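Listed in TrEMBL for this protein:
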type	residues	note
TRANSMEM	A:31-49	transmembrane segment
TRANSMEM	A:61-80	transmembrane segment
TRANSMEM	A:86-103	transmembrane segment
TRANSMEM	A:124-144	transmembrane segment
TRANSMEM	A:175-198	transmembrane segment
TRANSMEM	A:210-234	transmembrane segment
TRANSMEM	A:254-273	transmembrane segment
Amino acid sequence: MLDFLVFAVTMIAIWSVVALSLDLQFGLCGLVNFGQILPFALGAYGPAISAAHGGSISAGLALGLAMAAVGGVLVLAPVGRLSQDYWALVSLGASEIFRLLMVNVTPIAGGQDGTAVARVSNPLAALGLALGLLLAMLLLARRIDRSPLGRLMRVLREDDLLVATLGRNPFRVQALVTVVAWLMAALAGALYAHVVGFVAPSSFSVAETFIVWTALILGGAGSLLGAVVGTAFVQFISVSTRFLAAWSGLPFDLVANLRLGIFGVVLVLVFLLRREGLVPERKVRVDAVGP
Amino acid sequence: MSVPPESRAAGAALRLDAVSAGYGPLVILDRLSMALRPDEILLVLGANGSGKSTLLKTVMGLTTITGGILHKDDVDITRWATHRRAAGGIGYVPQNNNVFAGLSVRDNLGMGAYLQPAKRAAAQEAVLDLFPRLRERLGATAGALSGGERRMLSIALTLMADPAVLLLDEPSSDLAPAMIDLVFAAIQRIRRERRIPVLLVEQNVARGLAIADRVVVLVRGSVAADMPAAAVQRDHLHALFLHGSVGAAPAIQAQRSVP
């Protein structure tokens with residue numbers, strides 16, 4: 001039981017980093033990205049590709065980060081204005097293209113069956129790494145949030161065209177935020193690979209992106225702590241449905257699907273009762289001209 | 001293609017030569033040619049859908065330009081992005097969504113100062129002198145301002161960047177008459193003190209004519225008439241608005257940009 005709790009908290013910390021990276025894009029900057037699982041997957045596939053071809057752990061980590069950075073630029077390049085709806089669709093499409101590529105091209109990293117990677121065998125060490133990463137990313141996000149860049153991001157969220165008419169290039173800021181957020185998610189992905197010890201395409205489906213969205217909206221978009229609280233809540237529901245299956249004797253598949261239904265109900269309730277989420281965004285003063 | 005003499009005028013602050021523009025496949029401006037002279041208030045009139053707002057958006061780079069050339073001070077800015085045009089001295093006050101509703105008045109002005117950070121204090125003093133009402137509301141959230149205060153803030157925000165040309169889209173819309181007086185007096189003062197030309201789109205013809213030097217009338221995305229404001233007669237405008245031609249009003253020297 002204790003082992004399981006340690007594992008659950010480790011997963012909460014890792015997915016919190018992904019939620020945090022989405023919060024930077026959507027919560028602070030207003031960019032709707034329906035493919036945030038992609039940088040997480042790229043980060044995880046760095047170690048997987050490295051392991052499948054006899055590379056080292058550090059080579060895998062570097063590969064994951066590089067793929068996320070290059071992937072970010074590649075996906076960004078054809079999109080001129082990130083605040084428009086099609087950025088959401090481009091990112092969604094890109095994440096599925098990558099997943100299907102990994103399913104179908106077996107030599108890259110084992111195809112559908114996936115690849116084993118070096119596992120952090122001590123659960124407490126894994127927990128420490130995950131909490132350390134979360135803390136570092138929280139501090140980074142907080143630093144961005146309170147900097148002139150963070151203030152500019154909030155203003156872009158309000159009206160990017162008005163910002164452009166005042167002489168700033170919205171795309172440059174939005175692209176910068178996207179690349180930083182993608183690197184964050186890639187770090188989480190790489191750690192995920194080494195904690196689970198196994199990387200397969202099925203872990204990176206579109207549904208995962210929307211679970212992260214659920215966590216963010218529930219916790220409170222625009223609030224950094226909200227991303228963590230929302231993830232904890234969503235992971236708690238996820239985990240408890242597993243126990244519910246064992247306890248009630250219902251089939252596991254049924255309960256697992258019920259879990260997605262619960263997320264849907266939670267989202268509806270949040271929109272009806274508490275739109276700002278569990279931890280509302282703090283009110284900020286934007287009294288600086290910025291970078 | 002015939003370019004009207006107006007557009008060939010040397011030293012125009014803005015010049016459009018046969019510009020076609022719109023939104024994606026929808027073309028609103030149809031080979032439109034006109035020029036904004038330095039130090040003038042040019043009033044743009046036209047029926048709904050004639051392309052008045054689209055003209056301003058096109059100058060600011062917010063539409064798709066499909067033909068023609070746009071000059072500012074004889075520099076071709078046709079392909080420039082919006083932020084670059086702003087840096088090049090074009091100040092644009094949209095009709096709607098023209099302030100950051102979530103920010104305070106002071107912070108809105110700060111956003112406007114991005115292009116001239118060193119002159120922020122002086123620029124803020126100047127706009128508060130122009131709109132004393134905003135001084136009392138510096139700490140208020142822009143979303144909580146009255147319609148008139150909001151309009152003042154939108155103009156002040158744009159002036160913070162010290163533009164060389166001012167584009168105003170319907171500054172009188174949704175305002176009470178007393179507030180329109182204040183805003184139009186400010187527009188005249190801006191032109192007088194800053195010596196910058198103003199391209200003014202306005203539905204309120206009487207108000208616009210009262211401060212304008214020159215008038216262009218748009219019909220279906222082209223210039224149907226171009227005349228001094230003093231020469232405008234009410235029935236001529238009726239003919240243009242209602243019939244889209246000056247056939248009923250031969251006294252006007254009409255200049256169609258389409259050959």
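From the backbone N, Cα and C atoms, a Cβ is placed for every residue, glycine too.
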Closest-packing stretch to the transmembrane segment (A:86-103), where packing means Cβ pairs under 8 Å, from A:31-49, A:124-144, A:175-198: A:31-49
Leading contact stretch, A:31-49, A:124-144, A:210-234 vs the transmembrane segment (A:175-198) - CB distance under 8 Å: A:31-49
Tertiary contacts of the transmembrane segment (A:31-49), as residues 6+ beyond its ends and Cβ separation under 8 Å: 18, 21-22, 25, 55, 57, 60-68, 71-72, 75, 82-83, 85, 87-96, 98-99, 102, 108-110, 114-115, 117-118, 174, 177-178, 181-190, 192-194, 199, 203-206, 208-210, 212-213
